[in-house]
Amino acid sequence: MTAIKVGIIGAGSAAFSLRLVSDLCKTKGLSGSLVSLMDIDKDRLNAVHMLAKKFAEEFGADLRFETTTNVEDPIKDSSFVVNTALVGGHSYFEQVRNISEKHGYYRGIDSQEFNMVSDYYTISNFNQLKFMHDVAKAIERISPKAWLLQAANPVFELTNLITRTVPINMVGICHGHHGVDQIIEKLGLDTEKVEWQVAGVNHGIWLTKFMYEGKDAYPLIDELLEKEVKNFKPTNPFDDQISLVAKDMYEFYGKMPIGDTVRNGSWKYHYNLETKKKWFGEPWGGVDSELGWKWYQDRQAEIALAMQKVAKYFQENKNAKLLSKESFNEIISQTKNDVKEEFTKEIYNLLDPERKSGEQHILLANALLNNEKVDLVLNLPNNGTIPGIPDDVAVEIPVYADKDGIHRYKIDPALPERITKMYLYPRIMRMEWALEAFLTGDRKVLEEFLIRDPRTESYDQVVKVIDEILALPGNEEMRKHYSKK
Ligand code: NAD
């Protein structure tokens with residue numbers, strides 16, 4: 001048993017923190033650990049703290065918690081630091097998007113070929129990149145042996161930035177590969193008998209291997225797509241793993257796109273709302289359309305409110321138990337029905353002792369410290385795993401972890417060359433441009449990004465949109481950074 005300190009930065013991201021706490025409660029080998037919850041928003045922080053304590057109590061888990069608004073506290077003496085903060089919050093993204101759209105950039109300047117996810121900003125996200133880089137440097141200074149588990153986006157750019165410039169232990173972690181579970185579930189297969197691999201870069205991963213009972217099971221996916229896609233009607237904006245767009249990408253690239261990769265196709269699927277609806281289905285046109293993203297934002301706000309209500313209830317009723325679903329539903333009775341259902345399901349899944357949350361952070365910690373070998377999908381430098389990709393580019397690949405560290409599996413069969421040449425290279429190029437801009441502070445690089453954007457019609461348009469984003473309140477440091485000569 002190894003009692004450690006785990007720091008969570010941006011811990012007010014409630015659903016995420018509770019998942020980690022629930023996994024910790026179920027991991028005997030990390031019993032006695034201290035969880036340091038850090039956020040700049042005290043209300044969110046207190047709500048998460050209240051619920052985290054409640055979870056530990058219900059499990060009878062030996063965990064301690066501390067809360068702090070000082071970013072160095074979750075780093076000091078920690079073995080693992082999970083960073084899930086979002087500097088400027090979602091409202092900053094909306095401001096940038098509104099300015100961009102006024103200047104002719106539908107869904108914002110940061111929506112780029114193979115990077116259409118609406119909160120994955122790389123061009124205008126200086127404050128986020130700077131904060132994450134600073135946290136990595138603080139780890140090097142204060143806790144040089146600690147692992148940084150980078151959960152906040154943009155995971156691809158941040159994993160590259162940090163692994164290349166700060167000599168610490170770090171990996172980028174995303175849960176996007178669970179798209180494979182959706183395929184397995186839709187096919188009604190026994191998970192234990194499925195063997196699969198995904199490979200690519202974060203939010204750009206492809207199902208390279210899919211075997212059932214030792215035989216190639218891709219023909220089952222072909223049949224499923226044929227059947228399901230004819231009258232495709234998504235149940236929610238995220239319902240796209242088996243969709244017209246996934247089928248079209250599969251047919252062009254030769255392998256199934258997995259998880260957020262389906263959201264990250266070329267402009268073919270994203271020109272405008274009408275195009276998005278055609279490919280991602282009515283009524284939303286996928287989660288990254290104006291309608292789908294509003295659906296998501298409204299839902300997140302409802303969930304945050306429900307979380308506050310639950311926390312307040314337990315604050316006022318110290319001896320109350322989370323265990324009864326009826327009393328739980330009573331506490332969040334004002335929450336919209338479908339959100340209430342999903343929220344209750346999530347909480348009760350997290351309370352199920354037989355089930356882990358699906359996040360990989362605690363599994364990785366337990367494998368490294370207690371030698372409980374585990375298969376994971378992580379972001380780390382390629383080092384020859386995907387042929388044709390430079391060693392220092394962070395790829396998202398299947399690995400296993402144990403007391404000796406993280407070990408890469410061979411990708412077999414290999415990724416089709418078309419994916420490498422037509423999807424990964426252009427995506428990697430944009431990551432490199434984003435880092436070139438960030439590391440040099442050269443505004444001309446930001447401009448060049450947009451000069452090469454198919455939505456740009458004049459240089460004047462580029463200058464105006466960048467000027468207006470740099471002039472936003474909160475972007476003072478970014479403005480200064482990009483005025484370097
Ligand atoms: P959110 O805004 O709901 O939560 C982020 C938290 O960060 C907030 O509580 C906020 O107060 C806090 N924060 C902001 N500035 C901070 C600072 N300087 N120091 C400490 N905390 C600070 O955002 P969210 O929707 O929960 O998303 C968080 C991040 O995680 C985003 O980048 C998102 O894209 C990413 N994400 C990653 C995955 C993954 O699998 N890797 C999945 C979902 C979301």
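Don't overthink the numbers, they just go from 1 along the chain as shown.
Backbone N, Cα and C atoms are what each Cβ position is placed from, and that goes for glycine too.
Values in this document were obtained by computation on a predicted structure and should not be read as measured data.
Record features, source TrEMBL:
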BINDING   ASN153  substrate binding site
BINDING   CYS174, HIS203  Mn(2+) binding site
DOMAIN    198-456  domain 'Glycosyl hydrolase family 4 C-terminal'
SITE      GLU113  site 'Increases basicity of active site Tyr'
### Query
Can you count the other CB atoms that lie within 10 A of the CB of the residue listed as 'substrate binding site'?
23
### Message
Given GLU113, ASN153, CYS174, HIS203 as the recorded positions, which ones have a Cβ positioned under 6 Å from some atom of ligand 1?
### Response
ASN153, CYS174
### Query
Within the chain of GLU113 (site 'Increases basicity of active site Tyr'), which residues six or more apart in sequence place their C-beta under 8 angstroms from its C-beta?
SER266, TRP267, PRO426, ARG427, ARG430
#### Entry: Other C-beta atoms that fall within 10 angstroms of the C-beta of HIS203 (Mn(2+) binding site)
26
### Query
Near CYS174 (Mn(2+) binding site), how many other Cβ atoms are within 10 Å of its Cβ?
23
### Integer mean pLDDT for the domain 'Glycosyl hydrolase family 4 C-terminal' (198-456)
94
